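Student: TrEMBL lists these features:
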| type | residues | note |
| --- | --- | --- |
| BINDING | C36, D38, H88, C91 | Zn(2+) binding site |
Amino acid sequence: MSAHLEFVEKNVAYAESFDKGHLPVPPAKKLLIVTCMDARIDCYKSLGLELGEAHIVRNAGGSARDAFRSILISQRLLGTREIAVFHHTNCGMQSFTAPQLRSLVKSDAQSRPDNEKEEIEKTVDGMTFYEFSDLERSVLEDVKYLKENLLVLEEAKITGWIYDTANGKVKQVV
Ligand SMILES: [Zn+2]
């Protein structure tokens with residue numbers, strides 16, 4: 001069973017009551033949120049946001065570095081002036097180290113032809129994964145990264161948060 005097989009049926013119901021086709025492209029709250037791809041996090045409901053109000057950039061861990069390309073586009077072309085970085089408890093990014101993940105990818109590639117294996121090893125060796133162990137420190141470091149990044153607009157308000165997957169509560173770190 002593939003998850004995508006349910007898309008069309010579910011979408012029919014969604015599209016039937018859809019009434020947001022008029023929304024402009026720039027987010028109404030001039031807000032960009034960076035958060036984890038974790039399947040348990042509902043940004044809209046947990047923060048009381050509506051469709052069209054914010055850019056939500058999701059990636060593994062809610063890494064600001066990983067999100068930077070989207071942040072630049074969001075600020076320069078779509079007018080956002082506030083960034084909120086969310087990391088969360090019980091995050092998968094606290095469960096591995098980059099060397100472990102690289103070894104895993106390399107070991108999965110063992111049966112591939114030599115040229116492909118070399119390409120895979122070279123690529124994964126060149127990747128940064130932004131894993132972390134200390135949750136609060138990782139939020140502080142990401143906010144610091146954004147504040148020191150010369151390409152992030154100086155007037156942008158930048159805050160850092162922790163979302164608790166156990167009780168749905170958010171806490172501001174900085
Ligand atoms: Zn996570």
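Backbone N, Cα and C atoms are what each Cβ position is placed from, and that goes for glycine too.
TrEMBL: automatically predicted annotations, no manual curation.
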Student: Beyond C36, D38, H88, C91, what residues of that chain have CB atoms within 8 A of the centre of the Zn(2+) site's CB atoms?
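Tutor: Going along the sequence, the neighbours appear as T35, M37, R40, I41, G61, G62, F86, H87, T89, N90, G92, M93, Y163, T165.
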Student: Ten-angstrom check, please: count other Cβ atoms within 10 Å of the Cβ of H88 (Zn(2+) binding site), all chains counted.
Tutor: 24
Student: Give the number of CB atoms, excluding that of D38 (Zn(2+) binding site) itself, located within 10 Å of its CB.
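Tutor: Step by step: centre on the Cβ of D38 (Zn(2+) binding site), count other Cβ atoms within 10 Å, giving 20.
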Student: With Cβ-Cβ distance below 8 Å and at least 6 positions apart along the chain, what are the contacts of C91 (Zn(2+) binding site)? List them in sequence order.
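Tutor: Looking at Cβ-Cβ distances below 8 Å from C91 (Zn(2+) binding site), excluding near sequence neighbours, one finds C36, D38, G61, F132, L135.
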